[in-house]
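Note sheet for the following structure.
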């Protein structure tokens, strides 16, 4: 069926908007941990500089949460463009468009959306442990926090962080920091202990949860440990 001139003009007028909006509908990275809405700092840091104890929100994290997208559409006004860790967010009158970019590529924009990297979960102070794991991806994060990703058979199992300044377990930092460096360099299997009272978001696009590190035990092949 032929298309008349009026219909064709209408289709051509809305096509750019449809293509622009297609960025919003792209599939998110499967299985990543999405920071909750209350972790977002609305105005972020100036020119890519997220404040201490925060980091830039990523494209995948924003795409993976309809709640985060709805929140940002609600709090942004006008023809506003914000930096993400690896892209940009077009808020306000743009309608909430998420665009891909390179890490740090949009930090010349005035405002970056950042997330607070520490959350009190409300869970009880219960010991959780994970056996036969090795420490990888050592990260010196904000506020002198030291983190590691613990893997088993090459797959991430849990992340854990220790800090000298914040959280309930700051007094254990010196000992745990030395242990982390030791097992990371040696590549030895351990049993790692965490408390899920405090959850962290130091790693971008993490496929594992990260909590407060409370202990490390070296696996002994001659015993039942690990």
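Think of each number as a place in line: the chain as shown, counted from 1.
Backbone N, Cα and C define each Cβ position, glycine as well.
According to Swiss-Prot, the feature disulfide bond maps to 50-114 (among others). Within 10 Å of the C-beta of residue 114 (disulfide bond) there are 25 other C-beta atoms, taking all protein chains into account. According to DSSP, residue 114 (disulfide bond) sits within a strand segment.
For the recorded site, residue 147 (disulfide bond), the DSSP three-state label reads strand. Taken from Swiss-Prot, the feature disulfide bond covers 147-161 (among others).
Residue 219 (disulfide bond) falls outside any helix or strand according to DSSP and counts as coil. What Swiss-Prot records for 219-226 (among others) is disulfide bond.
Annotation source Swiss-Prot lists signal peptide at 1-27.
Highest local Cβ density among the disulfide-bonded residues 161, 219, 226 belongs to 161, counted as other Cβ atoms within 10 Å over all protein chains shown.
Note: the CA-CA distance between residue 50 (disulfide bond) and residue 219 (disulfide bond) rounds to 39 Å. The two recorded residues residue 161 (disulfide bond) and residue 226 (disulfide bond) have their Cα atoms spaced 21 Å from each other. Note: residue 147 (disulfide bond) has non-local neighbours 137, 138, 139, 141, 159, 160, 161, 162, 200, 202, 203, 210, i.e. same-chain residues 6+ apart with C-beta under 8 A of its own C-beta.
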